[in-house]
Amino acid sequence: MEIPRQTEMVELVPNGKHLEGLLPVGVPTTDTQRTEDTQHCGEGKGFLQKSPSKEPHFTDFEGKTSFGMSVFNLSNAIMGSGILGLAYAMANTGIILFLFLLTAVALLSSYSIHLLLKSSGIVGIRAYEQLGYRAFGTPGKLAAALAITLQNIGAMSSYLYIIKSELPLVIQTFLNLEKPASVWYMDGNYLVILVSVTIILPLALMRQLGYLGYSSGFSLSCMVFFLIAVIYKKFQVPCPLAHNLANATGNFSHMVVAEEKAQLQGEPDTAAEAFCTPSYFTLNSQTAYTIPIMAFAFVCHPEVLPIYTELKDPSKRKMQHISNLSIAVMYVMYFLAALFGYLTFYDGVESELLHTYSKVDPFDVLILCVRVAVLIAVTLTVPIVLFPVRRAIQQMLFQNQEFSWLRHVLIATGLLTCINLLVIFAPNILGIFGIIGATSAPCLIFIFPAIFYFRIMPTDKEPARSTPKILALCFAAVGFLLMTMSLSFIIIDWVSGTSQHGGNH
């Protein structure tokens, strides 16, 4: 029997259900509900596999990526530059409020993945944009594709911004230079272009996400090393740093001498004690960035369905376990990195945690290794994040065309070119966290999964007033409220000029 070619969207069975691994698909379906023909969209064609040892079944086309590799892929899709901004978020919320918000965002992210998987199971669609088309037609598809594109361009921009800002510091440390030299290899703009062309682009040209699982595991190892270093440095970095206390007291001269005298005479340093006391609940103008930073840090939803498609022996339960495990691992890493980063610098922490360590010792070997690890991690993450953006472009512009390597290469090259231009002219990384986290992230996490589920789930199974659908609508309303509030506060912060964007370079 000839097996139909499949891409991100698999067969719709006649009764509208996603029968996991039970239904032969050789017979054409009779479902008249709205869907799009994606058999010519070559973006995903290379990773859907056939089982050679038995009759073709529904899941035989789904791929060969293992459970562990899928966890690596999804964890790496979650993990990114957002981890560097969480200590700054904690400094502007306090430990207790931060923990509450982080837990809420993690749980809501898991619930939204549940809605996505349930929706895809009903109609047999494995692409985020196609769920939008199935629910609302072309406007839904375009809205989903636009949100995915904006989110992932923002994510890749933040990754490349880290390369732009941190790689010159690494080279400066290796060359043992007190001040950056005015040469091309110390210019972050040249370096980010060089890394994009020599490392990121070749990885981005792969047609299978599964192969990137090995780089995913390596980059996750780099971030674990980053976390260990942050925890270790908490007990090595003195508090307060001389310049932090000087800023707090206005005494920019003789600060170290004054501290030493106070210690010798047994006098309490009230300024130091105040600076080095953690806050448990804080509200200020920068608190508006907290939820966008967290939302930005947990977005992985466009990658869930492609990873589900490539999963070996896929089922909704198995993919939900993968999602829950990935979110749980990232939740622990995020909280520990934020906590120990905050307890190291307190209110002196910058929006990019790693840059704050340059105030301690620019030539510290451990921090140098951490910088290298983070650079490797974000560099290897870019190709995974680029995949759904390219797929969205394929879905919008080249729906019914055969796969073309030329188009495949041109899309990746064009995307990286545009992102490099954004990074070269971007003033800071906090703006990327804030805007993307307050616009596309709430759409992808809260609003779209809920309204897609509400429209796709048949009313004969779940009436419009059923508890699951009411919860889904409430979920969408919460997302819209968070998006509106966060974006409003951020704009007010920009207009008032009170934003203190740490970590600029």
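We number each residue from 1, going along the chain as drawn.
Note that Cβ sites are derived from N, Cα and C of the backbone, with glycine treated the same way.
Here Swiss-Prot flags 33-43 as compositional bias 'Basic and acidic residues'.
The disulfide bond annotation in Swiss-Prot covers C239-C276 and is backed by sequence analysis. Of all the Cβ atoms in the protein chains shown, 17 others lie within 10 Å of the Cβ of C239 (disulfide bond).
Swiss-Prot lists N73 (among others) with the feature N-linked glycosylation site, giving sequence analysis as the kind of evidence. When secondary structure is read from DSSP and collapsed to three states, N73 (N-linked glycosylation site) falls in the helix class.
What Swiss-Prot lists as N-linked glycosylation site is N247 (among others).
Annotation comment: Swiss-Prot describes N251 (among others) as N-linked glycosylation site, evidence class sequence analysis.
In the three-state DSSP reading, N324 (N-linked glycosylation site) counts as helix. Counting every protein chain shown, the number of other Cβ atoms lying within 10 Å of the Cβ of N324 (N-linked glycosylation site) is 15. The annotation N-linked glycosylation site is assigned in Swiss-Prot to N324 (among others).
Residues annotated as region 'Disordered' in Swiss-Prot: 27-48.
The site 'Modulates L-glutamine-induced conductances and Na(+) binding' annotation in Swiss-Prot covers N76. Counting every protein chain shown, the number of other Cβ atoms lying within 10 Å of the Cβ of N76 (site 'Modulates L-glutamine-induced conductances and Na(+) binding') is 27.
The transmembrane segment annotation in Swiss-Prot covers 82-102 (among others) and rests on sequence analysis.
For 105-125 (among others), the entry in Swiss-Prot reads transmembrane segment, with the evidence type sequence analysis.
Sequence-distant contacts of the transmembrane segment (143-163), counting only residues of its own chain at least 6 positions beyond either end whose CB sits under 8 Å from a CB of the stretch, comprise 80-82, 84, 128-129, 131-132, 136, 188, 191-192, 195-196, 296, 299, 302, 352, 354, 374-375, 378-379, 381-382, 385-386, 388-389, 392-393, 395-396, 415, 418-420, 422-423, 426, 429, 432-433, 435-436, 439-441, 443-444, 448. Per Swiss-Prot, transmembrane segment is recorded for 143-163 (among others), and the stated evidence type is sequence analysis.
Cβ atoms under 8 Å from those of the transmembrane segment (186-206) belong to residues 160, 163-165, 167-168, 171-172, 180, 212, 215, 379-380, 382-383, 386-387, 390, 408-409, 412-413, 416, 419-420, 423-424, 505 of the same chain, restricted to positions at least 6 beyond its ends. Positions annotated as transmembrane segment by Swiss-Prot, on the basis of sequence analysis: 186-206 (among others).
Under the heading transmembrane segment, Swiss-Prot lists 212-232 (among others), citing sequence analysis as support.
Long-range contacts of the transmembrane segment (288-308) within its own chain (CB-CB distance under 8 A, at least 6 residues past either end) are made by residues 8, 44, 65, 70, 73-74, 77-78, 80, 82-83, 85-86, 88-89, 92-93, 98, 101-102, 105-106, 109, 112-113, 116-117, 120, 125-128, 131, 148, 151-152, 154-155, 209, 314, 319, 322-323, 326-327, 330, 334, 384-385, 387-388, 391, 430, 433-438, 440-442, 444-445, 449, 482, 485-486, 489-490, 492-493. Residues or ranges marked as transmembrane segment in Swiss-Prot (evidence: sequence analysis): 288-308 (among others).
As annotated by Swiss-Prot, transmembrane segment applies to 325-345 (among others).
Swiss-Prot lists 367-387 (among others) with the feature transmembrane segment, giving sequence analysis as the kind of evidence.
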Does the transmembrane segment (325-345) reach the transmembrane segment (82-102), going by 3 or more CB pairs under 8 Å (6 or more apart in sequence)?
yes
What whole-number Å value do you get for the CA-CA distance of N73 (N-linked glycosylation site) and N324 (N-linked glycosylation site)?
13
When the Cα-Cα distance from N76 (site 'Modulates L-glutamine-induced conductances and Na(+) binding') is computed for each of the recorded positions C239, C276, N324, which gives the smallest value?
N324
Would you mind reading off the Cα separation of C239 (disulfide bond) from N324 (N-linked glycosylation site), to the nearest angstrom?
37
For the transmembrane segment (409-429), the distant same-chain contacts (Cβ-Cβ under 8 Å, at least six residues beyond its ends) come to 81, 84-85, 153, 156-158, 160-162, 164-165, 189, 192-193, 196, 200-201, 204-205, 351-352, 386, 389-390, 393-394, 501, 503-504
